[in-house]
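Per TrEMBL, the features are as follows:
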BINDING   A:85, A:87, A:100, A:119  Mg(2+) binding site
SITE      A:102  site 'Transition state stabilizer'
């Protein structure tokens, strides 16, 4: 398992007793690189007064805290909790932005198993409030990034009932908005948001 | 110190070795009751499709994680981190809402020491993006709650340079919007948001 501290530094720990863990570590690290690019883009946007978007902290259930004399409280027992929202939200020119960032090694389609029901439910709730809600999809093997509106994302999610397992790249190319990675901001997703807003209005 | 799990349950722990901690425990509990009322109001608003607002999880710096066989990962060492935003944000009828909820036992004024520079900075950044940004002030001894816009809040915050230590209740009564607690939602803050939006437009 690997974590990023909110300062962007990676914390990664492997468990020697649990060899099956290695795969998960790799996966987490892989996802983290894209996440880091998003976090840096958010920082760029805040610094340049373009938007205020933050990643939400991971929710933890705290069970035991120690208060050592003359030093900071130490959490000694806590567990990861299932978030009830997407990872990112914020404000851009009066618009409420809300999104999830996901990554795949696949080259031809984006697997729906990367998403969770709670994220879809949250997106549905946000859309009812006229949010600008979307997912950022990163094809790491292709080095290609796409903006896909929550409206479309929810449609494909629901098609799982009729057997859909993933969203083909051709569909994403045609209904999504491609975002070309840059130096700064690394993932200029506001450009895609602008295009989406133009189409929506 | 006391925490609320995201499910609303209180976790409270006192350290017998550190008697000075007791005051902090009391303070935390006091603040938590108001926070709980806000969280329940948010739940009400989501359930009734009125708004989608969540409290952000407390950011923690994770240092050590155990992976016991056949059970969930346990965080064995972590520390509280300073948040970089306010506690609450979300969306209401297309508007981005962002606020902080604070409480005082005082009866005649609201002490500015309840706020932190990072919260004010975040509010300033949000206002530049046309956010609906405010604080909810709870006078626990008076059982009175007020909406104060971030625009006003920032003004009083800056007056600390000329010696201001608190915002007198009379000022809050005149420039804020009073929110009368109810059964459900317990703190109907969207009513105040509506009044604020009417005035702003």
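Placed from the backbone N, Cα and C atoms, the Cβ positions cover glycine too.
Separation of the C-alpha atoms of residue A:102 (site 'Transition state stabilizer') and residue A:87 (Mg(2+) binding site): 10 Å, rounded to the nearest whole number.
In the structure as shown, the Cβ atom of residue A:100 (Mg(2+) binding site) sits within 10 Å of 23 other Cβ atoms. In the shown protein chains, 22 other C-beta atoms lie within 10 A of the C-beta of residue A:119 (Mg(2+) binding site).
The Mg(2+) site is set by A:85, A:87, A:100, A:119; from the centre of their CB atoms, other residues of the chain with a CB within 8 Å are A:56, A:83, A:86, A:88, A:98, A:99, A:118, A:122, A:123. Proximity to chain B, defined as a C-beta distance under 8 Å, is registered for the following recorded positions out of A:85, A:87, A:100, A:102, A:119: A:85.
Cβ contacts within 10 Å of residue A:102 (site 'Transition state stabilizer'), excluding its own Cβ and spanning all protein chains shown: 19. For the recorded site, residue A:100 (Mg(2+) binding site), the DSSP three-state label reads strand.
Around the Cβ of residue A:85 (Mg(2+) binding site), the number of neighbouring Cβ atoms within 10 Å comes to 22. Long-range C-beta contacts of residue A:87 (Mg(2+) binding site), restricted to its own chain and to partners at least six residues apart, with a cutoff below 8 Å, comprise A:35, A:55, A:56, A:99, A:100, A:101.
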